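Student: Can you read through this structure? Questions will come right after.
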Amino acid sequence: MPDMTMKSQPDRLYGRQRGHALRPRQQRLLDLTLPRLRYAGPSSLRGVSPLWLEIGFGGGEHAVAQIEAHPDVTLIACEVFENGLCSLLSRLLPEPLDEETAPLPGNLRVWDDDARPLLRDLPDQVLDRVFLMFPDPWPKARHAKRRFVHPENAATLARVMKPGAEWRIASDDPTYQAWVPEVMERQTAFELLAVSNERPEGWPPTRYEAKAIRAGRQPLYWRYVRR
């Protein structure tokens with residue numbers, strides 16, 4: 001059972017921010033395209049609604065599917081891993097589209113840093129939906145404080161989510177699957193709507209999900225609502 005008296009989360013990032021060496025086009029996407037989409041702070045959100053947030057978008061499949069399916073919604077997509085950022089940007093601008101001038105979706109903002117400072121800076125009750133899809137599970141007990149599903153982050157999300165807003169979580173890791181309900185049952189600001197071992201309708205698939213299923217791991221999908 002998780003220790004709810006655990007120490008506060010370290011105010012630093014863990015894990016890699018770069019994998020394999022970037023190819024020339026990937027570097028151009030980071031240098032020329034990313035600045036065009038980068039989230040510019042709370043003042044840039046005036047009049048923006050509905051507003052969704054994805055924490056750790058991985059390869060970007062889910063984020064792109066959501067903005068295409070919901071053009072009336074603005075999505076802030078967070079990812080620190082450079083190769084994941086490049087994957088998202090290349091989905092938006094496949095070759096030979098120009099990295100500096102080709103049109104980009106107007107309902108997407110990208111945050112290429114730790115999501116927690118972004119959350120702390122958001123106004124109260126601004127988010128309509130939050131996605132946490134297959135986060136790093138940090139399965140060792142001594143690393144539990146690094147997991148995003150954590151009492152401190154849940155409290156921050158409770159402040160910035162509107163009443164009735166939904167937090168969607170997915171994980172294929174058994175440790176995380178036990179961790180999520182233990183943490184969330186203690187959060188009075190959230191109510192469990194549903195948990196399923198089948199991906200619900202309206203949840204775009206991701207490569208991480210496909211990889212888990214191929215490896216014989218069964219994902220779980222949670223839907224929590226802000227009371």
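Using N, Cα and C of the backbone, Cβ positions are placed for all residues, glycine too.
Keep in mind the model is a prediction, meaning the values are calculated, not measured.
For 1-21, the entry in Swiss-Prot reads region 'Disordered'. Residues annotated as S-adenosyl-L-methionine binding site in Swiss-Prot, with sequence analysis given as evidence: GLU54, GLU79, ASP114, ASP136. The active site annotation in Swiss-Prot covers ASP136 and is backed by similarity to another entry. Swiss-Prot lists LYS140, ASP172, THR206, ARG207, TYR208, GLU209 with the feature substrate binding site.
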Student: How many neighbouring Cβ atoms, not counting its own, are there within 10 Å of the Cβ of GLU79 (S-adenosyl-L-methionine binding site)?
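Tutor: Its Cβ has 24 other Cβ atoms within 10 Å.
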Student: What whole-number value in Å do you get for the largest C-alpha pair distance within LYS140, ASP172, THR206, ARG207, TYR208, GLU209, the residues recorded as binding substrate?
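Tutor: Max Cα-Cα spread across the substrate binders: 25 Å.
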Student: Pop the Cα-Cα gap between TYR208 (substrate binding site) and GLU79 (S-adenosyl-L-methionine binding site) into the table, whole Å please.
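Tutor: Distance between the two Cα atoms comes out at 15 Å.
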Student: According to DSSP, which of helix, strand or coil covers ASP136 (S-adenosyl-L-methionine binding site)?
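Tutor: SS state of ASP136 (S-adenosyl-L-methionine binding site) = coil.
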Student: For ASP114 (S-adenosyl-L-methionine binding site), what is the secondary structure by DSSP, using just helix, strand and coil?
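Tutor: ASP114 (S-adenosyl-L-methionine binding site) sits in coil per DSSP, no helix or strand.
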Student: Mind checking which of ASP172, GLU209 has the fewest other CB atoms within 10 A of its CB? They're the binding-site residues.
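Tutor: Each of the binding-site residues ASP172, GLU209 was scored; lowest Cβ tally within 10 Å is ASP172.
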Student: Quick one, of the binding-site residues GLU54, ASP114, which Cβ has the fewest other Cβ within 10 Å?
Tutor: ASP114
Student: Using DSSP with the three-state reduction, classify ARG207 (substrate binding site) as helix, strand or coil.
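Tutor: The residue in question, ARG207 (substrate binding site), is helix (DSSP, three-state).
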Student: Between the Cα atoms of ASP136 (S-adenosyl-L-methionine binding site) and ASP172 (substrate binding site), find the distance and write it as a whole number of Å.
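Tutor: Here the two Cα atoms lie 10 Å apart.
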